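What TrEMBL says about this one:
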- E94: active site, nucleophile (ACT_SITE)
- E98: active site, proton donor (ACT_SITE)
- 10-209: domain 'GH16' (DOMAIN)
- N102: N-linked glycosylation site (CARBOHYD)
- 1-17: signal peptide (SIGNAL)
Amino acid sequence: MLLITFLMVETFMVASAGNFNKDVDITWGDSRGKILNNGQLLTLSLDKASGSGFQSRNEYLYGKFDMQLKLVPGNSAGTVTAYYLKSQGSSWDEIDFEFLGNLSGDPYIVHTMFIRKGKVIESNNSTYGSTQLLIFTLTRFSGILDTLCSFYVDGRPIREFKNLESLGVPYPKNQPMRMYCSLWNADDCATRGGLVKTDWSQAPFTASFRNFTANACALSNGVSSCSTNSSSNNAWFSQELDSSSQKVLKWVQKNYMVYNYCKDAKRFPEGLPVEFTVRNRKQIKI
């Protein structure tokens, strides 16, 4: 069972334990998305005609978002299960977890990515879990504090992204975001760069979601629902990685990371963008 955490924090916070009937809308896929068990379980399915997805009814500026996620079991090659935050418009911000399916017995690839004003800032890939591990817990994308965004899997930090706006590095912090989840076909790129295609004889593919929880600042008609003192009840409000967590982060990146955007010289033959040179100069982990 894997726990993945995404956190976005600001001065004013609210907490809510989720019920899918109240908290989300299934937005595409016709009847391929289903809310079951009195709102405690949501399933998405994918067949050759279409995938499916849902989004939170609320928009959030900052907060911590927990989700239990059961990925497609067995041969999931070509499929992508996504859990992410995204703002609206053509100049959007986005913070992603994407799980790239694989052949039976091979690990999933966990893809993390930041987009600022419609442009990818940084992305990393790590191997994590296998198609035989049926339950994944998506607990905390632990992140947008004004100074730090970090990702956790099963309580272990796998990535952090510091705010270096003062040094010219874009940072996704101003636009309110919704939470989204989706299951879709990406056999042109998902598995081994598109070499392994989706086996439609295995369809429909199904991913399951439970226990969505948002400790966050929700917006309604542009007005915050948060109280001025609610952050005092959240120990994680000013949480940063301590020395032991930094050691875990280094261990995960050493043993599981398979792609680092900042080291892709082929992608940037004329030189790495400013965010990479700044981070290398400051020796800041990503």
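Including glycine, each Cβ sits where the backbone N, Cα and C put it.
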Note the mean pLDDT of the domain 'GH16' (10-209), expressed as a whole number. 82
E94 (active site, nucleophile) to N102 (N-linked glycosylation site) - Cα separation in whole Å: 25
